[in-house]
Amino acid sequence: MKGGCQMPKKTPDEQTPPRVELPLVAVAQVADDMITIDSRRYKIVLLHKQPFDVSAFAVRYTDVLDKYDFVVGDWGYDQLRLKGFYANDSRHATKGQTIATLMDYINEYCNFGCAYFVLQRLDAPAPKPKHKGRNERGRSRRRNNNNKKPYQERRQAVADPAKKQHHAETVAPSQPRKRHFTIRQRESNEK
């Protein structure tokens, strides 16, 4: 390296400590089969092979999962993965997003024999306020009129009935039609 600054390599004792992730939501287990996530109640419907870990769940949970009726968590390689599912009668769901497809999801996307759990939301989700007049980027729906010319009233000339253009008229079925072309006889090549 020319003129570059080299960083000294860190020894195993000097390496940076592991990053500690802080939970984004308040999760509390209020009973053996009941938890609360930001004051919304969830029932633990199914636990497979491992008890529910509140601290790992709190770190991985995001507010995107609030809209789902069920939250499924599966453990693979010591990592918790969360996925949301809708109830079977939900009008928001596609076929692959309903809880009826849970076993398909477990068999397809989870490690064989992994530990997983299913939470069912008991409280309806709080409706999110919608902002009127703003699109998803936060811009107003109105167009910027700074670059446009000021309004000018246009005057239309009154058409003279004498100068009116003649349009094609329909001919009654009883009248013979006028041809717009002439039919000529074919000239023969005989001389």
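Cβ coordinates are placed from backbone N, Cα and C, and glycine is handled just like the others.
Automatic, uncurated: that is what TrEMBL annotation is.
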C110: disulphide-bonded cysteine as recorded in TrEMBL, out of C5, C114: C114
Around the Cβ of C114 (disulfide bond), the count of other Cβ atoms that are within 10 Å: 16
